[in-house]
Amino acid sequence: MSDLVSIFLHLLLFKLVAPVTFRHHRYDDLVRMLYKVHNECPHITRVYSIGRSVKGRHLYVLEFSDYPGIHEPLEPEVKYVGNMHGNEVLGRELLLQLSEFLCEEFRNRNQRIVRLVEDTRIHIMPSMNPDGYEVAAAAQERDISGYLVGRNNANGVDLNRNFPDLNTYIYYNEKNGGPNHHFPLPDNWKSQVEPETQAVIQWIRSFNFVLSANLHGGAVVANYPYDKSLGHRVRGFRRTANTPTPDDKLFQKLAKIYSYAHGWMHQGWNCGDYFPDGITNGASWYSLSKGMQDFNYLHTNCFEITLELSCDKFPLQGELQREWLGNREALIQFLEQVHQGIKGMVRDENYNNLADAVISVGGINHDVTSGAHGDYFRLLLPGTYTVTATAPGFDPETVSVTVGPAEPKLVNFQLKRSTPQAAPKRRIPNSGHRGRVLPKKVQPRAARKKETMMKQPQRGPA
């Protein structure tokens, strides 16, 4: 009898969570779908807006967590961003499908999804460029062709060429020495970026994101930093050249995780291009300045890759189900990669959490920092590392850590306040009574000359 009840409840839950239909969703449809998922899974989701587009459309995010709206210490934050280019729409539809899938599988008690939601705070932004999407969708309905129609925002700006250029600073510092992380924004950055870009920058500064992927279209490849080439310009264009980050091996692994879990990306030959293993260094493919994935790596703790997911930027509705089946496992596996490396708390001797402590790994010239709650996350490949935590006013602490291939290693730091060194005693010349310095006696020049002559030996007659 209990088995029949269990089957009935399973079917009831499956029926209540109606799947997202495989069709393109305009802005109003997208908003309805996000709130539909939230209504179906209210205890593990939250819908929030990070700002508005040029045309006033909200940039909505759907959050999945067992405590929506709350950062739990030692629980990593991960994000997906879709539709940055308005006419590259597959990512938008995949993220809607993923949202419904996470909700449905959580309610069906799929233990893999339950564990993912309970141990991770997931943020899904289906569309960063809703204005551009509406232009592209309207053109499709009118059968207007154009490779770039709807790509940019309503001001005609490519949002993936609109972030502050921090690569110049890191390339200089790699050669001459200097900071290797969290490069500051220019003083006038807000006047140089679009509303959508500004909203995303403020968003990623507000959350301690650890891992991210930016979903695009027009090719099928997993692209990892750096995007901007270190090479010299040739005829006004920056020369294509492999430009790795200090975390190059880790980024390659993250890209391969997606590529090999994808239905066909790993095969390499797609859309007339060949990429070994279905991955590429961004600058090795083509150099791109002011891109979002480099900005994430250089300004925050977040490791982001760019996923090019379809040859056709605006695939037909009939192709969406196949694309979803080809990407579903890869989307889940990539989220799970946030649980690797090391993580822990940084505290002082009184167990107060220390924010902005710097976590350095020997041999990797890129540091991360602890968040507002004192927790830090450092993605690493399996191996043995020397890890140091530092904070102003505290003695550094260094430990040796062996990282395995599965769960992240918990490494806490408890920093001791630096003991101020006693200043060496200084000899004070001409010390007089009560510590006063007595001035030297000053003689007139003539008197000094006469005194000198008198001290010289007198010569007798020859």
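Sequential numbering from 1, following the chain as shown.
Note: Cβ is positioned from N, Cα and C throughout, glycine not excepted.
These numbers come from a predicted model, not from an experiment.
According to Swiss-Prot, C311 forms a disulfide bond with C271, chosen from C271, C302.
Swiss-Prot lists H85, E88 as binding Zn(2+), and of H182, H216, H262, H266 the one it places in that same site is H216. Residues H85, E88, H216 make up the record's Zn(2+) site, and a Cβ search at 8 Å around their centroid adds N83, M84, G86, N87, G91, R151, N160, L215, G217, G218, E308, K313 from the same chain. It is 9 Å from the Cα atom of E88 (Zn(2+) binding site) to that of E308 (active site, proton donor/acceptor).
Annotation note: E308 (active site, proton donor/acceptor) sits in a strand segment as assigned by DSSP. Distance between Cα atoms for H85 (Zn(2+) binding site) and E308 (active site, proton donor/acceptor): 12 Å, as a whole number. In this structure, H216 is the one among the binding-site residues H85, H216 with the smallest number of other Cβ atoms inside 10 Å of its Cβ. The two recorded residues, H216 (Zn(2+) binding site) and E308 (active site, proton donor/acceptor), have Cα atoms 5 Å apart. In sequence order, H216, G217, G218, A219, V220, V221, A222, N223 are the residues of the chain that are 6 or more apart from E308 (active site, proton donor/acceptor) and have a CB within less than 8 Å of its CB.
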